[in-house]
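Chemist: Have a look at this one before I ask anything.
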Amino acid sequence: MVQGTVNWNTEITQEWLQSYVDDWVKFYKKQTRDGEVASYIPELNKANPNHLGISIVGNNGVTIKSGDVDIPFTIQSISKVFCFIIACMERGVSYVLDRVDVEPTGEAFNSIMHLEMRKLKKPFNPFVNAGAITVSSMLNGKTSDEKLEPLFILLEKMLGYRPALNINVYESERDTSIRNRAIGYYLLELDYLESDMNITLETYFKQCSIEITVDDLATIGRVFANDGIDPNSGVEIIPRKIVRLAKALMLTCGMYDASGKFAAYVGIPAKSGVSGGIIAVAPPRVRDEELPFIDGCGIGVYGPSLDDKGNSIAGIKLLRHIATKWDLSVF
Ligand code: DON
């Protein structure tokens, strides 16, 4: 069934899409065996490695969900996109980009190498830990809760409810994150931090521990696909210039040192996290033929079994399959 083809020109029904996605999720669920759940944050290691779920929310109002869609998980590095957006909204794009660049590193998300090389005199991009921690230090507010309040307000505007922190995951990362503390000290030494280092790290650990579902990621992705406008109300939630910059960074740096391959084989902006979540954004396409979700959609994936880069092993394969079948690539 996975190799089956559909003539999208005839009639696309929601039931068809649902049955195809159900088959694909069933097929790729087997691939979860080839990866491993993150263990360096002990609390994340409690996830069920066999889980795989997807939610697709279209600008046309159609929603397709399949697999393990009701499991809450923490956003981890996906928060880096949202905090980058908040920093740009609070400080202005040029202020932020003067302090964090927009270049892919080709290195692991927690690499320190580029900080030591000091080639750019600032972190390479806001989605590697060094860049994300620098961005967290730029957020307005004296305490971590004050710094993160605008993020919660933004999420609530998009989701219609205020997500909560998973305190166990927060404490687990806070109490074990030697590497991120090392990055914090490095940033402090280089004078890149704009707030107290401990408050900045507390902010970073908390933003990573916000708990959501695949439906939430798809709903947020749909706002991104719609250039920052809530498709239901028509209200602009994120300025277009900022959301487009965020999408460009997702495409070039969102999947860490697998970003090039993801752009080549999937071809849509996406951001992953070590809990196994991926947010992906399929913008509206201009094509003569009829294709599923031609008006754009947001996609949320959860699959905690990870590949060696820290991305959901089955989630990436599932996204690649869907993007190929439905011709989602932006290129
Ligand atoms: O910095 C960390 O270790 C995590 N809290 C976030 C890392 C992450 O999600 C990287 N993802 N692929």
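Here the Cβ of each residue, glycine as well, is placed from N, Cα and C on the backbone.
Here the structure is a predicted model, which means the values were calculated and not measured.
Straight from TrEMBL, here's the annotation block:
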- Ser77, Asn129, Glu173, Asn180, Tyr204, Tyr256, Val274: substrate binding site (BINDING)
Chemist: Using a 10 Å cut-off on Cβ-Cβ distances across all protein chains shown, tell me which of the binding-site residues (Tyr204, Tyr256) has the largest neighbour count.
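Modeler: Per the Cβ count, the most surrounded site is Tyr204.
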Chemist: Quick one: what's DSSP say for Val274 (substrate binding site), helix, strand or coil?
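Modeler: Where Val274 (substrate binding site) sits, the three-state DSSP reduction gives coil.
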Chemist: Listed substrate-binding residues Ser77, Asn129, Glu173, Asn180, Tyr204, Tyr256, Val274 - what's their greatest C-alpha to C-alpha distance in Å?
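Modeler: Farthest Cα pair among residues binding substrate: 20 Å.
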Chemist: For the binding-site residues Ser77, Asn180, which one has the sparsest Cβ surroundings, going by other Cβ atoms within 10 Å?
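Modeler: With the binding-site residues Ser77, Asn180, fewest surrounding Cβ atoms within 10 Å: Asn180.
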Chemist: Determine the Cβ neighbour count for Glu173 (substrate binding site): the number of other Cβ atoms within 10 Å of its Cβ.
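Modeler: If we count other Cβ atoms within 10 Å of Glu173 (substrate binding site), we arrive at 24.
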Chemist: If you count Cβ atoms within 10 Å of the Cβ of Asn129 (substrate binding site), leaving out that atom itself, what do you get?
Modeler: 24
Chemist: Scan Ser77, Asn129, Tyr204, Val274 for binding-site residues whose C-beta lands under 6 Å from an atom of ligand 1 and note them, or write none.
Modeler: Ser77, Asn129, Val274
Chemist: Are there any residues in the same chain, six or more apart in sequence, whose C-beta is under 8 angstroms from the C-beta of Val274 (substrate binding site), and if so which?
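Modeler: Listed in sequence order: Ala38, Ile41, Leu44, Gln76, Ser77, Leu306, Gly310.
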